[in-house]
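Database features (Swiss-Prot):
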TOPO_DOM  1-28  topological domain 'Lumenal'
CARBOHYD  Asn8  N-linked glycosylation site
CARBOHYD  Asn18  N-linked glycosylation site
TRANSMEM  29-51  transmembrane segment
TOPO_DOM  52-175  topological domain 'Cytoplasmic'
BINDING   Glu120, Gln123  Ca(2+) binding site
Amino acid sequence: MEKLTDLNYTLSVITLMNSTLHTILEDPGMAYFPYIASVLTVLFTLHKASIPTMKIALKTSKCSYKVVKYCIVTIFNTLLKLAGYKEQITTKDEIEKQMERVVKEMRRHFKMIDKLTTREIEQVGLLKRIHDKLDIRAVDEIDMTKEINQKNVRTLEEWEWGKNPYEPKEVTAAM
């Protein structure tokens, strides 16, 4: 275990890989060498990082299957990202979590739509009652002669009893 996580050992293996690659591919015009070296370095680092991580996870975890599955999925997703793919591998647990989240969001939307529909129905009922109260009915001709100021229209002779009712009267009071 110490040998797996030892930094000097890892660096010496990387140096050994690089020197081996240099000796194999001595042609200076080799254009793909940096890419091959970086991919091999990443693969080696993943190999060195994943084995101790999985061993520790299996020893400390009660649900070892889920941990191993999660580690493997994470490693494959990392490799896919390095290869340039945008897709990722998902487990059934993640799909179920996403489905639950979507269903919960849909339920919340349905409740909101139900509340809004209920409010709309109440508002329509209220508007109907207001309309019924304000309903305009056709009425025959209304006599407006008592409603207008007759002082401006009639002369003194045309008033009933010959007196203008709007003139101030003199009132005497007994003491």
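Each Cβ is built from the backbone N, Cα and C atoms, and glycine gets one as well.
On a predicted model such as this, the values are computed, not experimentally measured, just so you know.
Shown on the structure are the features that Swiss-Prot records.
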residue	record	contacts (Cβ under 8 Å, 6+ apart)
Asn18	N-linked glycosylation site	Ala37
Glu120	Ca(2+) binding site	none
Gln123	Ca(2+) binding site	none
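Confidence annotation: the topological domain 'Lumenal' (1-28) carries a mean pLDDT of 64 in the model.
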